[in-house]
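K.L.:
According to TrEMBL, the protein has these features:
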type: DOMAIN; residues: 5-121; note: domain 'Rad50/SbcC-type AAA'
type: BINDING; residues: GLY29, GLU30, ASN31, ALA32, GLN33, GLY34, LYS35, THR36; note: ATP binding site
Amino acid sequence: MVRTLRLLDFRCFSGLDLELPAAGGVFTGENAQGKTSILEAICVLTRLHSPRTRRMATMARVGTGHFGIAGETWEQERKVRFSKEGLALTVDGESRDGQSKYLADGGLVVWMGNEDLDLVRGSGEIRRRYLDFLGAQLDPGYRRAWARYKVALKSKSLLLKESRPNEAEIAAYEEILIEHGTELTASRTKLVTALEPLAAAAQAEVSGKAEPLTLAYRPSGGICLRSALEHARERERRLRQSVVGPHRDDLELRLHGLAASEFASEGQQRTLALALKLAQGKLLEQLGGRLPVYLMDDIFGELDPGRRNALMHHLPGAAQKWITTTTLDWLKETPELENLARFTVGSGSVTR
Ligand SMILES: Nc1ncnc2c1ncn2[C@@H]1O[C@H](COP(=O)(O)OP(=O)(O)OP(=O)(O)O)[C@@H](O)[C@H]1O
């Protein structure tokens, strides 16, 4: 869990110093005051990942070009500094050379936001990112395989753009893609198998109904990447792009046996998105050996009291939970949240 948080030139905060209760708390405030930015900072400090941007520079307070996040997380003092020289990472005062080393013994996080509906309605990329965020937290090898796959994919894609692609070079990159892509597909398939019963249980509990949910990992070219690449050879040359592999795979979601994006109502889709995130948390707890921190960005206003309470009931009681909201009206209907500490966010500062 996260016990302190210090920010320097992060988003709208020039400076911030917070003591954080073990149970978590609720950040309230008007729009655009910095509530989401605080949760984002916790996510970056813990996982070097922002749910809002892939570019670290975006998080530097405008005009500064740098930011710092520090805090005590899972009993370690961690620091992330970003500047034009790049990232500087330390744990307990010792510099960690490279993101993988920083993340190896980092904490676990589940991010829940309004945009989670896109997990059901959006493109496969959003579902792949959901699996990748989970896989990378559970296994450093997952992140490594994905990084190497991406580098080889970029090189192959550049070659395919050429008018007369160098086939020997493409073949060499495909060997790397096959090695790491096969590893990724196997890891993602295992994750999906483990997630399915957890997501189904969460779906039933949050919806309060028996709604059979099935999850399946769908590799874009079939199970064997080598033969998928062979089959796609002519198409890839024609389209001048890489069309099969883990970067095109998908996670299939079915409710009552029907595609959730097409047949589920909006309410069912929202519940399903929550169920996927709750399953992510349970799996992190089971396989990661510690409770994740739940970062819940503005999701409660969208839920009716029944689903809100079911959601809170499903979350592990001992987990640290951070919630942002513009209004506290709904809090009295959610007894499990009433005892959480409240913080008011406004004009670049936070008061408890
Ligand atoms: N790099 C940056 N530098 C300075 N300000 C920024 C930067 N990035 C975002 N902001 C501003 O920070 C403010 C806070 O944004 P944030 O999304 O954290 O607010 P919020 O309180 O969660 O808002 P809402 O309730 O509308 O979701 C916004 O005005 C935003 O434009």
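Just so you know, glycine gets a Cβ as well, placed from its N, Cα and C.
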K.L.:
Go through the binding-site residues GLU30, ALA32, GLY34, LYS35 and pull out the ones with a Cβ less than 6 angstroms from some atom of ligand 1.
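P.N.:
Those binding-site residues that pass the cut-off, since their Cβ is under 6 Å from ligand 1, are ALA32, GLY34, LYS35.
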K.L.:
Note the Cβ centroid of GLY29, GLU30, ASN31, ALA32, GLN33, GLY34, LYS35, THR36, the recorded ATP site, then list each other residue of that chain whose Cβ lies within 8 Å of it, in sequence.
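P.N.:
Other same-chain residues with Cβ inside the cutoff are THR324, THR326, VAL345, GLY346.
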K.L.:
Reduce the DSSP letter at GLN33 (ATP binding site) to three states and note it down.
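P.N.:
The residue in question, GLN33 (ATP binding site), is coil (DSSP, three-state).
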K.L.:
For the domain 'Rad50/SbcC-type AAA' (5-121), what is the mean per-residue pLDDT, to the nearest integer?
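P.N.:
Mean pLDDT, the domain 'Rad50/SbcC-type AAA' (5-121): 96.
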K.L.:
Taking DSSP states H, G and I as helix and E and B as strand, how many residues of the domain 'Rad50/SbcC-type AAA' (5-121) are helix, strand and coil?
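P.N.:
Reading the DSSP string over the domain 'Rad50/SbcC-type AAA' (5-121) gives 31 helix, 47 strand, 39 coil.
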K.L.:
Given the binding-site residues ASN31, GLN33, THR36, which one has the fewest other C-beta atoms within 10 angstroms of its C-beta?
P.N.:
ASN31
K.L.:
What is the total of other Cβ atoms whose distance to the Cβ of GLU30 (ATP binding site) is within 10 Å?
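P.N.:
Counting Cβ neighbours of GLU30 (ATP binding site) within 10 Å gives 12.
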